Amino acid sequence: MKPKHKFRLLAGLFLAMVASGESFAQGPLRGMYFPGTGVLTPTPTATTNSFVDLGTSLRDTLANSNFTIELWVKMGATNSVNPVIIGDKDWGSGANTGFVLSYYASTDASSGTAAANTIRFNFKPASGTRVDYDIVFPAAIAQQWNHIAVTVNRTGSIIGYLNGVATGHAYVAGGELIAADSAKSIASTLPVRLGTDGKTFGYRAPFNGTMDEVRIWNTVRTPQQLRDAMCHKLTGSESNLMAYYQMNELSGTTVTNSATATSGLYDGTIVNSTYRVPSGAPVGDTSVNLYSAAWAGQSLSLPTTNRGIFTVDSFGTTGSYLHLYQINATPDSTQGVTAYGNNNVYFGTFASGDTFSYYPKYNYSNYPDAVTYHNTINFFTRRFNDISSWTSKTNLYNNTAGNTLRTDSVKGTRQFFLANFINSCGGATALGATNIQATGASLSWTTGGSALWNIEYGVNGFTQGTGTRINAVNTNPYSLTGLLGNTAYQFYVQDSCAGIGTGTWAGPYSFTTLPNYGNNASGYAVHFDGTGVQNSTVQAVNLGNVLRDSLATTDFTIEMWVKVGATNTGNPPLIADKDYVSGANTGICWTYTASVLWGDAAKHVFRFNFKPTGGARHDYDMIAANEFTWNHVAITVDRHGFIKGYINGVYHPSLYATGATSVLADTGKTLAGTMPLYLGTDGTGNYRVPFNGDMDEVRVWNHVRTETEIREAMCHKLNGGEQGLLAYYRMNEPAGPTTLNAATATGPVMNGTAVNNPAHIVSGAPVGDTSVSVYPAAGWNGVSLNLNSNNRGVVTVDSVMGATVPGVHIYMVNGTPNYQTGVANMGTTDKYFGVFTADSTTAPYRVAYDYNNYSNASANAASLHLYNRPDNAATIWAQLPSVNNTTSKNITRIDAPGTRQYLLADFVAASCPAPSAITLVNATANTATFTWTSSAAAHKTKAGFSGFDFATATPDTATTNTKILTGLTAASTYDFYVQDSCGAGSTSAWVGPYTFQTVNPCPQPVNIFADSITSSSLVLKWTDNGMATTGYVIAWGIAGTFTDPTIAINQNATTSRYEFTSLQPLTSYSFYVKTNCNATPSTSGWVGPLTFTTDSVTTIDTTTTPTGIASHNIGRLVVYPNPASDKVLVNLNNDPSGKAVISVYNSLGVQVATQQVTGRHIEINTAMLPDGVYHIAYISSAGRLHSSIVIQHNR
């Protein structure tokens, strides 16, 4: 049809529909929203699925008839696997009788053959052939409004349509031809439903999305019929319309069938949590359309009686169709629209893609008010009907002589409304600023009637005319960015009225940005809140496809600081680029296993899953000592060797067998799938369990980092130019969606994008500007570590107490702290220090601050104090109870409390001196008594479990220098702080923490040792500590496989000894023991770990007659060097007897090497084995010999 003919047809149609100025309709009022909540499960319950039940009568009417199903649908973000849009069968199998229209958001092992991002229409008559008709449904458009239709010709074929275009094909070639089954019924025994299948409680995968304008016809609609009606509402009396659901009911559970011929027969019923929402479907009261491959000279127009003529023309070349529709009503929302007068008509387009361009044109000759206000009228636009806010168009061209308004090129689907009927330009009022951040704010005002504004801003006190000017702003509020942190700004606003000038300037309005802590120590971290039910939308950071592809076939290292939150369930991903519904899918996924819901990873495990295309799956498991504090975790992947994992700079062999095996066989096989790399979720962007926790300093390298390299850099920031640094996310943006990549080599191309607004919080990760570390090989006796600031002192750490601390870092921060609350006098201090005690935040040590090289400190030595706080996120400092030797110019604390930050301050005497000589006089199971030295008459104290939030805790008051704490919990560790009050609002600095333990009335066992050690058994013994017990609990396992005794093997004992049998030879085992008592608490604390190693074993083959001297027949096994690196040499003093083999096993008992023995001298290649302890077994017809070896590479 030529455009001019379409114009005439619609002119007549409109005259029949609309009287002058009268409104009859509201466009698409409401749609039906399906929340998609519930657990992905094969057996849904009554409360799992939400749907609309359309009953069995509709099902029976479709049994042998031709039919067409069409609807508008907008997919939600939380769909997984293949939820049902509409169907009447048990979708547990597509071979069941009936039909289903399903959306394959993803796939799993049980969801059939359709690929992800597919619409599948499944059709199966009773005793007939199953047909699966697939329509490609790109993920890029899935969460936008789309029109889907399927026609079924029982004597012909099935055809699918997407947005009026016939598309798709049967999964089995030719399967869409269904004439052979024309007489066979497709009526199942189940009802037709929207949002799930016909089963009692619905399908296992809940549908998430919105539907509108659901139409079912008992005929095959032609392509032109579908196109001509899809963008406007029906009357209900159309021929062959069998069921019609507009979803426009105001309330209630009934969904009315508006088809006149069947009124009252096929009404639907809402079940569970489905509800109505404003619809954004591009549906009006009348419409026209063009489907074309050649757009030159084409146009579409819709005329009105007295509201002008709306035209689109000058089309681009990238589109295949465009619909133009008209709604005869005032918009449901006029937010952002100025002075629309009596206009009660607006228009919309539905375009084939967001890049398809066209020019809107409005001839308003027959619209009197528009002619009157022709100098100021403006277009306001929005994308869909369910978007509340309109935006005024800029770059308008108003031919007032011809009464024609047009704009520059517009792209994609839009709605248009004519407004701004004003004749003077007023002034803005009520200026304000909200959502104030460190780098931006949202500016707002009340307009005097304009749709455009000018803004001028600058720092407080600037002279107007010298500030930064932003003209033709068309949004209110306006998001102002690029500001400095902790800075006072002011702004002015002016109405700008096209054709009649500008209004007066309003303002100034002043506001102050928040501080920007991005450059203070570890700066900011990203916090993932982990809220929502499974399958809900999750917070994440999308790192894109470029980084994913860069890791496809190369060696790499991924490292980060992470603090796991308390609300995790299942196995939420830290970083992933695959669909982790199955670990066998291509890609990587690094998860934290909070609870064992899926798979075989143990609780509290960090699992790195690795699976190349066509290659083997590997799962590398390791456990942190306390995942709820900040930990540094790293994974290295040597594509010609092994995966290795590290926690806090220490190599952790995999606790899962496949993680310990070589990946050499899959060298060259790609890891890159089709999904982006994400932080906080898997590659789908919406994993079924959300991650709760904080991340900072995420680093990705294109090579294998050594243990030494990881240790040396983990506690200080990088400069970004380090060799091999592929991506580097400092997370130091105070707000906004962009996560900057600070790696110089790749820059913005690997920037990340935040999804669903994860929070930017001040980071507590122990990271500074420079750092040193030490990991002693033989304990802490005599080991010390120091860091020199050149002119701000030297910090030394030694006398570390705690066998569980493998290493210590000292880092230095250049600059003043982000928070200075609690510090009496900062003076000239512009550097401070931090200490990180790996695997233990509380392990004590001696800290010494030598300030000889700090001239101002030396000159004011008598006033100095050493302040401390737990980490960079702590908002208040306290004076550390310590000794200041003003002669040697050194401040020392003998038992400093674990991971802390330290600041030297107070260069003048305080007007209210802090208390000193804090002393724990006595501690019982439930009380503690402290005294201190002070000249003040009043004091404040704070106490709580060790690590409590000192900054927000409410203080107690005291009038003497003694505080008795009561109501304490036995066998618990507490922190105590004290402050002097000197009157008239004057207070000293807080002093603390003083860390102490209450008494445990159930004492720990002592003198734990093992004897009677053989190759397969040992006897563990201990002594009671003076109290009657009811028994003991032993936690045990292979050394290095656990750090938390509660997740180890637990064994009860009734006496103070226990014999362990069936152990492995030459294997180290760790043990913890605690006592059960008739007391409160009922158990002592754990004592351990204590590690003992079983003996080697020599066994004789019982099929031969023994000689009585085993070593004579078998010989002696000599293994060297020990430790070894790339090879191990084995010598036998006798020739091998018969067939003999020698095998190597790792600490998990997994065989990692084996070879035949043909002589006395054997060489074993160990170049590809990870560092660790290995068991060597020699087996011959004469018997067995065993030994062990340490592999330690210098690489």
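Any Cβ shown, glycine's included, is placed from N, Cα and C.
According to TrEMBL:
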- 1-25: signal peptide (SIGNAL)
- 427-516: domain 'Fibronectin type-III' (DOMAIN)
- 914-1001: domain 'Fibronectin type-III' (DOMAIN)
- 1004-1097: domain 'Fibronectin type-III' (DOMAIN)
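Mapped onto DSSP classes, the domain 'Fibronectin type-III' (1004-1097) shows 3 helix, 49 strand, 42 coil. Within the domain 'Fibronectin type-III' (427-516), the DSSP-based counts of helix, strand and coil residues read 0 helix, 53 strand, 37 coil. Residue counts of the domain 'Fibronectin type-III' (914-1001) by helix, strand and coil are 0 helix, 49 strand, 39 coil (DSSP-based). This prediction places the mean pLDDT of the domain 'Fibronectin type-III' (1004-1097) at 85.
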